[in-house]
Amino acid sequence: MGEADQQPAGLKLSVMGLESGEPTTVAEMVTDPRTRRMWWIRVSMYIAFVIAGQSAATLLGRLYYAKGGNSKWMASLVECGGFPVLIPLYILTKKNSPPANSNSNSTSHVSLPILTLAYTVMGILIAGFSLLYSVGLMYLPVSTYSLISASQLGFNALFSFFINSQKITTYILNSLVLLTLSSILLVFENPSSSESAQSGSSRRNFAIGFLSTVGASVGYGLLLTLTEFFFEKVVRRRTFKVVVDVLVYPPAVASAAVVAGLFGSGEWKGIGKEMEGFELGKASYVMTLVWTAVCWQVFSIGCVGLIFEVSSLFSNVIGTFGLPVVPILAVVCFRDEMGGLKVIAMVLAVWGFVSYLYQHYLDDREDSGSKFESDGGRSSGEGDDQETLGEGLLV
């Protein structure tokens, strides 16, 4: 079929998401201005989704607690319950999906039990860390919560080392140490009187919030690693349909688990009273929850989109990059105090992020160089495992 078929199989990418379209070589992708521009537009859009969605959702979550909300299960539900907004997109991808045998290069059919198990595991993880994040946000000032959450990058790298064979270089190790120190420093912080009034924190509650946020960061780092594993080793391809499935099925499982917890704990009985006592009024109570759910969904779209276009590690790097934005906004919105330990922790977290990002830059340069090396027709990797560029949300 021409030059495209003479390239090694590992160097073919499905550009612009047309699963049944003509494969395009890496060289063509990189040199074609329109393709490169569209890819950067999609990646930039996903980055904006991650940073804006995360910042807004975290601040709205703190607002829910600050103005009278006290249901951990309700706060957890809005973190994972926004997936219904994607149902029209899900239906569209189902209608436009080509037949399974329409592409000879497509992966073999993954059995329903395996997919069910994968989505269930991811959904339970989402429910678990959503609950832990809600507990952390209940007991911690927003700035402290966000800085501790930066440790998720270190856990993601650690899990990727064992599960996805991610190499731990000097820069990544440096990043892990700095992010760990950033979180450890906050253990020694004494909540100020204003912060204690906002979050109802005591030393005991601070410890609960700290451990819950660290536990949630562990779960989130594991989820991103397993999502990468799911793309690479289970479905063995990255298509827009697979991305939408990941955005719908695991959150649906998580929402079911959280709803069961909401009713099982009896917290649902106090929702009406909580709405009545919300300082900003009933309408604001509903809108706070709705917009928190929407913002978390925007964040999820950005995260999975970056995994789709680049990698899970890059997605987490961008998420970590956005975390320092929240403490700054928290100082303005909630009058959080930025003490010396918090400033040092933030500097260490940013330093760790930069170290990690630099390693990603070095890997990117190395990968780009190796893709253009002539190796006598030998593939640069297993054809089915290669990352593909697909149709993003920008259509």
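The backbone N, Cα and C atoms fix where each Cβ goes, glycine too.
TrEMBL labels come from automatic prediction, so no person has curated them.
Through the fold, the transmembrane segment (39-61) approaches residues 29, 75, 78-79, 134, 137, 142, 145-146, 288, 291-292, 295-303, 305-306, 309-310, 315, 318-319, 321-323, 325-326, 329-330, 333-334, 389, 392-394 of its own chain, all at least 6 residues removed from its boundaries and within a Cβ separation under 8 Å. As annotated by TrEMBL, transmembrane segment applies to 39-61 (among others).
Beyond the transmembrane segment (73-92), the same-chain residues lying 6 or more positions past its ends with a Cβ under 8 Å from any Cβ of the stretch are 57, 61, 64-65, 126-127, 130-131, 133-134, 137-138, 244-245, 247-248, 251-252, 254-255, 258-259, 261-262, 265, 267-268, 271, 274, 289-290, 292-294, 296-297, 300-301, 393. Summarising the annotation, TrEMBL assigns transmembrane segment to 73-92 (among others).
According to TrEMBL, the transmembrane segment annotation covers 112-133 (among others). Beyond the ends of the transmembrane segment (112-133), by six or more residues, the same chain brings 72-73, 76-77, 79-80, 149, 212-213, 215-220, 222-223, 226-227, 230, 234, 245-246, 249-258, 261 to within a C-beta distance below 8 angstroms of the stretch.
Outside the transmembrane segment (145-163), and at least 6 residues removed from its termini, the chain residues within Cβ reach (under 8 Å) are 58, 62, 133, 136-137, 172, 175-176, 179-180, 182-183, 186, 209-210, 213-214, 216-218, 220-222, 224-226, 228-229, 312-313, 316-317, 319-320, 323-324, 326-327, 330, 342, 345-346, 349, 352-353, 356. Feature annotation from TrEMBL assigns transmembrane segment to 145-163 (among others).
Among the features that TrEMBL reports, transmembrane segment is placed at 169-188 (among others).
Feature annotation from TrEMBL assigns transmembrane segment to 208-226 (among others).
Taken from TrEMBL, the feature transmembrane segment applies to 246-264 (among others).
The transmembrane segment annotation in TrEMBL covers 285-308 (among others).
For the transmembrane segment (314-334), same-chain residues at least 6 beyond its ends with a Cβ under 8 Å from one of its own Cβ atoms are 46-47, 50-51, 54-55, 58-59, 62-63, 66, 141-143, 145-147, 149-150, 152-153, 156, 179, 198, 221, 224, 302-304, 306-307, 342, 346, 349-350, 353, 356-357, 360. Feature annotation from TrEMBL assigns transmembrane segment to 314-334 (among others).
The transmembrane segment annotation in TrEMBL covers 341-358 (among others).
Annotation comment: TrEMBL describes 368-395 as region 'Disordered'.
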Q | Stretch in 246-264, 285-308, 341-358 most in contact with the transmembrane segment (169-188), if contact is a CB pair under 8 A | A | 341-358
(Q) Are there residues at least six beyond either end of the transmembrane segment (285-308) with Cβ under 8 Å to its Cβ atoms? List them, or say none. (A) 42-43, 45-54, 56-57, 60-61, 63-64, 67, 69, 74, 77-83, 85-86, 224, 227-228, 231, 238, 240, 243, 246-247, 251, 274-275, 278, 314-315, 318-319, 390, 392-393
